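Feature annotations, reproduced from TrEMBL:
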{"type": "DOMAIN", "residues": "53-159", "note": "domain 'Expansin-like EG45'"}
{"type": "DOMAIN", "residues": "172-254", "note": "domain 'Expansin-like CBD'"}
{"type": "SIGNAL", "residues": "1-22", "note": "signal peptide"}
Amino acid sequence: MAFNLPLTFTFIALCLFQQCTCTHVKSLNASLAGFQPAVATFYGAPNGAGSDGGACGYTNAVSQAPYNSFVSAGNAPLFRKGLGCGACYQVQCNLGPCSGNPVTVTITDECPSCSGAVHFDLSGTAMGAMAKPGQADALRNMGNIAISYQRVPCQYKNTNVAFKVDPGSNANFLSVNVEFENGDGDLNLLELVPARSTQSITMNHVFGATWSTNINPSAQPAPYSIRLTTEFNKKLTAPNVIPVGWKPGQTYNSNVNF
């Protein structure tokens, strides 16, 4: 059977080009992509946690376990309009003061002014942790540095997903900030399931890791279960995590994690 060699090679080349292009686009959020180039700076106190939770809404939790100040702000490709909050990355550098050992950080804030295709604005603690012993200050003083990064699963040992009820919530409006998700770490969808109901309510993404919905307490009573869906479509339900008599400003720990 005869065929046209130029057309065949063109078709093969086109397929390879499309495959490479798709792989490149997905590489930022693929856990198996391997280390990719990026830039890093640090902000806040040299041995601090950057800001108090910043644009993800985690507040002072970023300086406490399980984050322990190993956090970072991210530019647009990392922060993803808040949907990147909670994702975990390994970062490492190979400059003079650098140890070359990877450090794991969680995205907890946004850096809208950060330049570069991928830019981590690390806490002072995380930046210093990439250095050789005694070289943390020297590394932080270098300012904008070249690093490598890769997406990794979040691993918060002995910690379950927590739901912090926003102080502005009331009987007819529920807003929660979600943190400590193992695995993907981030969220693409939250659904509220009232007591004695199989019908879920799709919650609205407000900002960062905060989601909200209007509720009718007489028709949609507590306790509320919350169904989580991550960026890579992993699903988990925290049963009855928002109890009867829930209060604004309180944090409710679930008994589940990914």
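Glycine too: its Cβ is placed from the backbone N, Cα and C atoms.
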Exercise. Do you know the DSSP helix, strand and coil residue counts for the domain 'Expansin-like CBD' (172-254)?
Worked result: 0 helix, 41 strand, 42 coil
Exercise. Under the DSSP assignment, what numbers of helix, strand and coil residues are found in the domain 'Expansin-like EG45' (53-159)?
Worked result: 26 helix, 33 strand, 48 coil
Problem set entry | Integer average pLDDT (0 to 100) for the domain 'Expansin-like EG45' (53-159) | 97
